[in-house]
Structure formats: C-alpha cells, structure tokens
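In Swiss-Prot this protein carries:
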ACT_SITE  129  active site, proton acceptor
BINDING   291  heme b binding site
COMPBIAS  1-10  compositional bias 'Polar residues'
REGION    1-57  region 'Disordered'
SITE      125  site 'Transition state stabilizer'
C-alpha cells in the first residue's frame, strides 16, 4: 500500500484525514495523504524483505477507529490505580524544588553549555512550547499532561533541542520522583527561570498529572515537516489546527511560508494566538516578554549538519536528537531554528529593552549564518553581548514576527503603550504567561500548591458553596416535587444532559456546575433546544425557590437540574420494571452571567452531539466519527458510549424532537429496545431519499417503514466492535445490566466537572 492512498484512514488522530481532517478524529476541509505511520512525517516501517504486516487499517482504511477511547488506560500506568498525585505532591518542599531548579539554570554543563551562563531562555522556551499547543476549538494540546515527552511533539521542528532542556531537568525529576510530575516540572522550569532573572510572576498552580502515552491529536494533514497543506487560501488555514505549518507551535518566525513580510505575519500571529485563547494585548505581551530573554541558534546550515530528531535517532542516541556536526555542535556552534537572534543587551535580566530596541532602530532584511531570513538594525552599534565570548558584541537583530509588533497598527499601539509604561507591560506579561501555562487545567479547584492566585475570568469561576447541602430526606422530597411538576421524562433528561455534556476533559471546561445552561451563550444553542429550556428552567427555578424559602438546607439550580434528570431516569427504569437509585452528590453552585465570558464559551458549542442525535447543518464530517470525538471529550469508554446511546434513545432525548433512533414502542421507558430492534432479523436498512444522514428500517415482508435512524444509530449494528457491545445489551438477560450500566455512565457524565469529589 502506498502512503498516498485514495481511501484515507478514519484514524484515532483524525477522521477521513483526506476529506475532513480534525478531532482526535477530524475537522473541516483540509486534505491529507493518509500517512500510515503514527507521525505524519515519519515513513511507515518496513518488514524484512520489503513488505510489512498488513493491519486492519490497511485492509479497511475507512473503518471507524475506537482506539482513542481506550488510550492511557490503567494498563499503561506504572504507578497503579491507587496512586494519588495530590497526596504525593503534599509531601513536596516546593521551595527546595525551586532552589534546585535555579541551581540547574545557573550551572552550565559542558555537554550542552548555557547561553550567557544561564539556561533561563531555554527553559522559558521549553515551558512555552509545552503549553503553547493548546487550542480553544477542542481543548486539545497544552501542558496539562506532559505530552511534550512523546512523539510527535518531542520531535517537532519547533521543539528542536528542547530534548536537551528536559535532560538538564532530569536530575531534579529523579531526586523528587513522583512528588513532582513531568507535566508540572516542564512548565515550572520556565516560571522559575523568569523569577531567577528578576521577573515577578503572577503565580503558579501545580496539579498536572503525567500520561504514559501520547494523546492522539490531529495536528494537521501534512506528511512532511513544515508542510502547509492546511491553507485553504492565502490568508486562511483550516479551523481544525492551531499553527500555520506542520511541526510549529504558532507561526514561521521567518514570515508566512518563509516570506519575510511583518505585516502579513501579523495576520497569522493574530489568528494562531486567537486559537490559543489570547487577545491582542496578551499576544504582544507574550512575544515581547518571552523575547526579552535568551537567543535563537543558527550557527550553520541545518540541512548540512543536523541529524535526525529524537524519534528518528539511533538507539545509542538514547532519546536525544538533532545532533550537529557543525564544529563542536554545541554552545556557539549550536543550530536550532537556523535563526541567529539575540533580542536585547540584557538577555538574562528582565527589562523593557525589547521594546526600546524594537522602536529604537530601523531594520533591514538579512540572513543568519544558517541562511534564515532575519532583520538587523541599520546604522547601529554592536551592543548585544555574545553568548559565549565576553569580548564580542553584535548588532541588534529581530525576527520578522517581532517586527509585526511594530508594523501592525493594533499591535503597534499596544507595543508603544508598553514601551512607555514598563510596569503595565510587566503585569500584562505576568498575567498572559500565567494564562498560557494554565489554560488547559480547568478551574482553580484543581490547582495544588501555595502560589495559586485569585481566580481569573478565563477560568470559568463558580461561587463557593455558602449554604447547608441537602440530605437524603430533602433529595427524596425534591425528586417527588420534580416528578409532580408536569415536566416529562424526556424534558428532564435532555435538560440535565445538555447541562452536563458541555464538559471537555481535554481542558476541563464545561459541565453542569455553574448551571450555565441558563446563561448565554449556552441557553441559545440550537442543540440545547432553547424553546424547551424556556419551559423547563422556570419550572425548576420555582421548585428551587419554594424549597429554599423553607429554611435550612438549600439547593442550587445546578444541583436541581442534575437531580431532576436523575429522578426522571429512576422513573423510566421503574416503568421498565427495574428499581434503581441514581447516585446524587450535591455541591454544585450557580454562576452568574458576569462570571461567564460569552466569547470564551462559544467554542464549547458542539458541532455534533450524537447522544442527542444532533448534527450541525452543513457538517461534512461523518456523524459516527463525531460520535467518537464527543465520547472522547466526555472521557467515556466504548461500552459507556454504547449504553448511553441506547438509553438516551429510549428516553427520547434527541434534540429538536427527532425520532431517529427511537427504536421502541415505549418511548420514555428505560428499556434496551434500541439494541434489540437494531439487531433484529427480518428488516432491511435503506438510506433515506429525502433526508440527509437518515436511514429507514423496513419490514422485509411488507416493505413498510418501521423506524428511522441516523448513521450514528446504524454504526452500532455495522461496526463489528460496536455490534459486539450492542449484542451484550440486546440479550434477554441484559435488562437489569443495561439499566445499571446506563445509570453508572449517566452519573459519570453528571459528575465530570465535580473536581471537589476527587
């Protein structure tokens, strides 16, 4: 099989990467070549003799890939299921840890010498690049799991020689063991580096737990490093990616596609930083603040001297890559990006010199010793110190993307304000840096350690509990009130699901806590059925008011929405002949509109929610692929996904009143009818001639339509793995198991954002 096959795989990294590209699974309109290797830029392995064993993916490249739902299972975790990072971290002396990191920063090693005698610039880049992969549209990327240790991130061109930074930190990690995760250490190193060079940071939160295999993420359609097939026009690239080229964190520092045009570069800087949740002020602060320190490395031509990246390096390299044959290959002879730029004359001290130098000179285009396009100050004295020879000085230099901060009108206004107000710049950088490092960590309730600052708006704050929580008798009384309210099982279940299922385990956003289902923008999302919410929410608010007015314990609307849905599930199970109690743990609170950044929350609106049989109009990606993506964001296993689909179909929880997949004569009753009727003989399925993504099940004898369904429904009979799961729940002895498993999965979703229960 060639690497450029017509039937591109529906992979765990992407979808039909050729047509839809994105998700763990994939998005929108970029194209790909369907590389068969884990990393799009690494050739497929070959077996001895020229061939290689063929996998199921080779034989059936469009087969739905469920593997993403079982990554990082307990089987790959060497620490065991009982390990608690929070408990181990509690034993850590964080001040001693900081001292040890500082000692690493200021102790130059012969095998990889420190620029200017200080590894600060290197560690800032390490932390920035660990966190900077975060993207708002699906919450993937970021520093939250230490994924930079693994392919493909450990071998991205933009991460060249960061393997050395991690190796420098190994003695610290080795000393403290499991008290500090790699994920925390990778970003703490940059924070400590800033402080060691005189900068006052905004704060720091520990709590990132390591993974033991990389998260499957669609980084782009290209099969070469620095490829740019993601562009759909000169000024636009696919919405499903975060950077402008494969293997970059943001943009090409030489300019778009190597074109040294600062104005054009500004357009792409703005877009890539927006996709990382940064506005213009935060963008300027981050670029200028980060480039106050350290230097880039381009002592020679990389193609002539630099060896393979870590994942492609030989065994004896022991995980290190990019070995250089240029002179000594290290220190003054280092080749990383190919650019040779030192931004300020105080590269190991916090200062405002970046802006002073940026605006203090006119700039002309030149090339580095490595042949990369960069800029040098016109008619300037040599004021920039050499990183290794104290007798040498250099003229000021800048990157094309640095000049964007002066050329772009909006960036220039901010930059000049920072130039004239250094304290304002310092605070802006401190806050933006804190946001960069913590954007994918969720609410501050997940943070550990003594340096956590006050909650910021971008952390989706919810109030603290300020009332007595309901007990068992209160819960029983409230359930009775809900079931007497006239609201239907379908209304209660679908509202609770809508409230909870906005959660994304990728960046720990969304969920039922806060009751933001009643606030904008979630209240107006089509998938949440605003007209139904206009009936359900006032009825629940009235029950809440009456209960809270009685004195004693109180209940938040966030808790009541979940409790009401759970009461409906219990009733539906009872109607099916199964008695069950849905676990309920109070403690959610109600956020206000002022605590809710509308623009920030818009990215949580689902393009599809297969659990409600919802597909955004015009969506091009296969619905069944988006099902797996949604299940992944909800941190569900394949069995949990399966039982939830069957139960929610039985409960008529579809968006917009759709009847697709409601394969039962007893809607609203928690039966396994979805599975029994889906797998029943004596019927044939046919694509609808009138409705896109719809199918009809017809009686073989009469040809009459018995049911309608979506592609998501049919996949549970079509895909062999999902059919195996469906058969479990379609069996005659599965009635109680189905209900119990549904309740367990339902409760899991309702509590996905209850970090206080961990």
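The backbone N, Cα and C atoms fix where each Cβ goes, and this holds for glycine too.
Residue 291 (heme b binding site) sits 14 Å from residue 129 (active site, proton acceptor), taking the CA atoms of both as reference points. Under a cutoff of 8 A between CB atoms, and with a sequence separation of 6+ in the same chain, the neighbours of residue 129 (active site, proton acceptor) are 148, 158, 159, 162, 249. Of all Cβ atoms in the shown protein chains, 24 besides its own fall within 10 Å of the Cβ of residue 125 (site 'Transition state stabilizer').
Secondary structure at residue 125 (site 'Transition state stabilizer'), taken from DSSP and collapsed to helix, strand or coil, is helix. Using a 10 Å radius centred on the Cβ of residue 291 (heme b binding site) and all shown protein chains, the other Cβ atoms total 24. In the three-state DSSP scheme, residue 291 (heme b binding site) is classed as coil.
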